[in-house]
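Right, one structure below, let's go through it.
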Amino acid sequence: IQRSSEFYVDRNVLNEISLDEVARKRTFSIKPPLKERVKDSLRCSVPKLKRSVLGFLPVLSWLPRYSLRDNALGDLTSGISVGIMHLPMGLAYSLLAGTPPVYGLYTSFYPVLVYIIFGTSKHISMGTFAVTSLMVGTVTQTLAPNSNYMTLNGTNGTAVLDSTALYNDRVQIASSLTVLCGIFQFAMGLLQVGFIATYLSDPLVRGYTTGAGIQVVLSQLSSTFGISTSLYTGPLSQLLIDVCRHLPMTNIGAVVITLVSLVVLITVKELNTCYAKKLPAPIPIELIVVIGTIISYYANLNGLYKVAVVGQIPRGLLAPRNPDISLWGSVAGSAFALAIVGYAISISLGKTFGLKHGYKVDSNQELIALGACNLVGGFFQCHFVTPALSRSLLQETTGGKTQMVGLVSSVFMLIIILEIGTLFQQLPKAVLACIVYVNLKGIFVQFWDIPALWKSNKVDLMVWLVTLVCTILLNLDMGLAVAVAFSIITVIVRSQLPNYYILGRVPGTEIYLDIDAYEEVRLKKIPGVIIFRSSTTMYYTNAELYLDALQKKSGIDTGKLITQKKKREAEEKRQAKTEENKAKKEAKKLVNWAFEKSSEAGFPGDDLKTQKSSTNGDGEMGSSHNKHTLILDLSTASFVDTVTLKTLRNIFKDFKEIGIATYLTGCQGECFIIQADVVCVQLYLDHLTWS
């Protein structure tokens, strides 16, 4: 009702009980009893079995409905484009993982086929990824360092690296680690704990991948300059120190190849970006590996200029191999971190594309799919897989519409493994390093998060920067652990240091705002009423801060006022007792007729007593404050613990002592357990009328 530029709503003030009566609160639960729910979960029926099978094997759901007319051409084009990109990325990222390049080709084949069966995202491209490959490489090079495989040459006494034994052990370590990661992910998916990735906030993941990208760049500097570096895996690990030490031994041929490759790759990538709408498909510049191989072969770069090349790439597939279970104890921590990071990257990409194209990505099924990819891939000597942003974007932009893209790219990779792979043995490693650099562009553009977060949320910026620094200065596992711990600490600190407000109503509306932030609200605040709100849930860590903020914001120090009241009451009692004793003594001295006469005239002490009483009233502290009502807005409270109840009980008691009635508003359903001495009154702020 709008009257004379004032806002009125006429209704009765409702408390918890009366509100339940008006709204007819249910006295029974709409959920079936626990016993019935357990029976229903164990009960088997044909529709339920069908739903379970289709949920566990999504391929049975989308494959029968696959439209050749609508999807085949786009999936074929996209599959070939992604397959072309798999080739150099598989070779390059396998070197990051510390395994021979051919194992990167296997990693781009087996897990992709498995994801077709279990995956729910239509656009992510499963395979090798720089960050996770480097995490695998950290483990393989730690457990199998070069120094353990040096043997003396019997002819001249020099140390020679037994590369065959070295790479056999590293492949075994990488595949065993991958199987353990797959077990972790598959088990978490079955247990429906896909929510665990929510503990890795977006700033944390982006800061971590940016820091890991820098680590990837540092790890590729040895290929760029054609030098060999030692391994640093502990805290403050920096390959840059060793690279600088070996710079005098730089291979000029490798540097020239790097510069030329970077110019070609960056130029064509930028052309693809600028003319994306005009080109039918991006130019597959990754085929520079073919050009690089031809030049390296005919120029004999390895023989004449000592330029490091990929080396032997055997033809054909390998038989499955059991993982070395004895290694699991030493790699369990790294495996769990790798499983979580890989899942966080996968689900973030999957949900981004799903939201863009209007389909749902099941987080728990994605865990199962990712776990199955790594579990099966590990037995076929692949290293850890997760989607790559660059390949996924390529799959989307080239017209890929279903998981069938993975089948096409797998067939392409199978042809390379069986027939063409051996042609790339003379490919310079410097070219692969350049491909790694260029494909990290999507990661390094995340540095633009810094100005954006500075404007929007400085706490998230702190998480981003701390994660970045820890990832660079510490190894990847320790950096992730420190980043997660810091992120949790920021949540705790923010819940302990919330913002507190005294609310007032905006004239002519039902809106209540902070009186300190809005001048008109301060001028028109409700007389005698304090409306107090916290920006977060009150619980045991911030309950005392809540009480302190209430007293500070309201300007009412209940402890001081109660103490003054008690002193005044004690003084009044003492004075009354003194007057009573004095009156008794006077009564003994005077005779009855004198006492009656003095009573008719009025005893002087009565005037003093009456005057004193008129000043103090009924013992309340009217002269100390002019407030009569306190309303605690608990609309931000999501749960209540015993400390909160105790604090509320004390607030009710203390403010009642000084003559202020206390009410609660915004109680969230049944999250409040109302005690006998705490009355929860649902005073809806948008329906209050104060006169």
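Count begins at 1; order follows the chain as displayed.
Glycine is treated like the rest: Cβ placed from N, Cα and C.
Worth saying up front: this structure is predicted, and the values here are computed from it rather than measured.
Quick look at what TrEMBL lists:
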- 560-590: coiled coil (COILED)
- 519-666: domain 'STAS' (DOMAIN)
- 602-624: region 'Disordered' (REGION)
- 102-119: transmembrane segment (TRANSMEM)
- 173-200: transmembrane segment (TRANSMEM)
- 252-271: transmembrane segment (TRANSMEM)
- 283-305: transmembrane segment (TRANSMEM)
- 325-346: transmembrane segment (TRANSMEM)
- 367-386: transmembrane segment (TRANSMEM)
- 406-424: transmembrane segment (TRANSMEM)
- 431-450: transmembrane segment (TRANSMEM)
- 462-493: transmembrane segment (TRANSMEM)
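Between the transmembrane segment (252-271) and the transmembrane segment (283-305) there are 3 or more Cβ pairs closer than 8 Å, counting only residues 6 or more apart in sequence, so the two stretches are in contact. Here the transmembrane segment (406-424) touches the transmembrane segment (102-119). Their Cβ atoms form 3 or more pairs under 8 Å, with each pair 6 or more residues apart. Between the transmembrane segment (367-386) and the transmembrane segment (462-493), fewer than three CB pairs separated by 6 or more residues in sequence fall under 8 Å, so the two stretches do not touch.
Panel annotation: around the transmembrane segment (173-200), residues 97-99, 103, 136, 139-140, 143-144, 208, 321, 323-325, 327-328, 331-332, 334-336, 338-344, 347-348, 363-385, 484, 487-488 of the same chain, lying at least six beyond its termini, place a Cβ under 8 Å from a Cβ of the stretch. Here the listed stretches are 102-119, 431-450, 462-493, and the one with the most C-beta pairs under 8 angstroms to the transmembrane segment (325-346) is 462-493.
Distant neighbours of the transmembrane segment (462-493): 131, 134-135, 138, 199-201, 203-204, 206-208, 210-212, 214-215, 233-238, 333-334, 337, 341, 449-450, 453, 541; these residues of the same chain sit at least 6 beyond its ends, with a Cβ under 8 Å from one of its Cβ atoms. In this model, the coiled coil (560-590) carries an average pLDDT of 81.
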